[in-house]
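> These came from Swiss-Prot, pasted as-is:
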type: ACT_SITE; residues: E12; note: active site, proton acceptor
type: BINDING; residues: G78, I152, M173, E174; note: substrate binding site
type: ACT_SITE; residues: D197; note: active site, proton donor
Amino acid sequence: MKVGIVGAMAQEVEILASLIENKNVVHIAGCTIYQGNIQDKEVALLQSGIGKVAAAMGTTLLLQMFKPDIVINTGSAGGVSSGLKVGDVVVSTQTVYHDADVTAFGYAKGQLPACPPAFISDPKLTALVANVAKQQGINLTSGLICSGDSFINSAEKLAWIKANFPEVVAIEMEATAIAQVCHKFNIPFVVIRAISDVGDGEASMSFEEFLPLAAKQSSSMVLKILQSL
């Protein structure tokens, strides 16, 4: 099985990149792709850059060049669901854009034309993540992850997202774009993120402080998933 792994920032991929054996590195269009093996699994690890366009472009290159059987998105996220703490892990059941609005033409909030109302994560991968988390005693929350080209750093913006997407458990800036590309290419995907902040007025300071912890937690989960595939 070939596994594609996508992270936006260097800090979010560096642990996994350091574990790749027989490594080949490709730099293309601002993206970096590390190819090789982790735990006898053939992997391609993409550092896409931040935001929806960078994530979509990088994921498209990853799928075209490497042709993975599945895609895992890893990294950090802002926690929204009640009780989530820094370092906790979230897994997607579905993803939507919190900054997309074509409701004037009858689409659901967060839905784009020619796309489903939400991008559904692969149920088998979601279940696998849940089982691994349970075995490892990891606090895991599954549910809707919302993406947009904004770092949410105010209580007002967070309240708006929660009001319009009441099932949201976490927010970030790339997952739905990755999911959209995987949907178009018919590639199973799942999002595994660790919480770095809680999206309030202190989010930027929390993010800077706890990004390394979130990156370590999400990378650890990805490694455990690779062991279980």
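Cβ atoms here come from the backbone N, Cα and C positions, even for glycine.
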> Provide, as an integer number of angstrom, the distance between the C-alpha atoms of G78 (substrate binding site) and the residue listed as 'active site, proton donor'.
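The separation of the Cα atoms works out to 5 Å.
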> Translate the DSSP assignment of the residue listed as 'active site, proton acceptor' into the three-state scheme.
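Note: the residue listed as 'active site, proton acceptor' is helical by DSSP.
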> Please find, for G78, I152, M173, E174 as listed binding substrate, the greatest distance between any two Cα atoms, in Å.
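Binding-site diameter by Cα atoms for substrate: 13 Å.
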> I152 (substrate binding site) to E12 (active site, proton acceptor): how many Å between their Cα atoms?
19
> Near E174 (substrate binding site), which residues of its chain come within a Cβ-Cβ distance under 8 Å, counting only those 6 or more away in sequence?
V6, A8, S48, I50, G51, K52, A54, A55, N73, G75, S147
> Including all protein chains shown, what's the count of other C-beta atoms within 10 A of the C-beta of I152 (substrate binding site)?
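That number is 24.
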> Excluding G78, I152, M173, E174, which residues of the same chain place their Cβ within 8 Å of the centroid of the Cβ atoms of the recorded substrate site?
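The answer, listed by sequence position, is A77, S147, G148, S150, F151, I171, E172.
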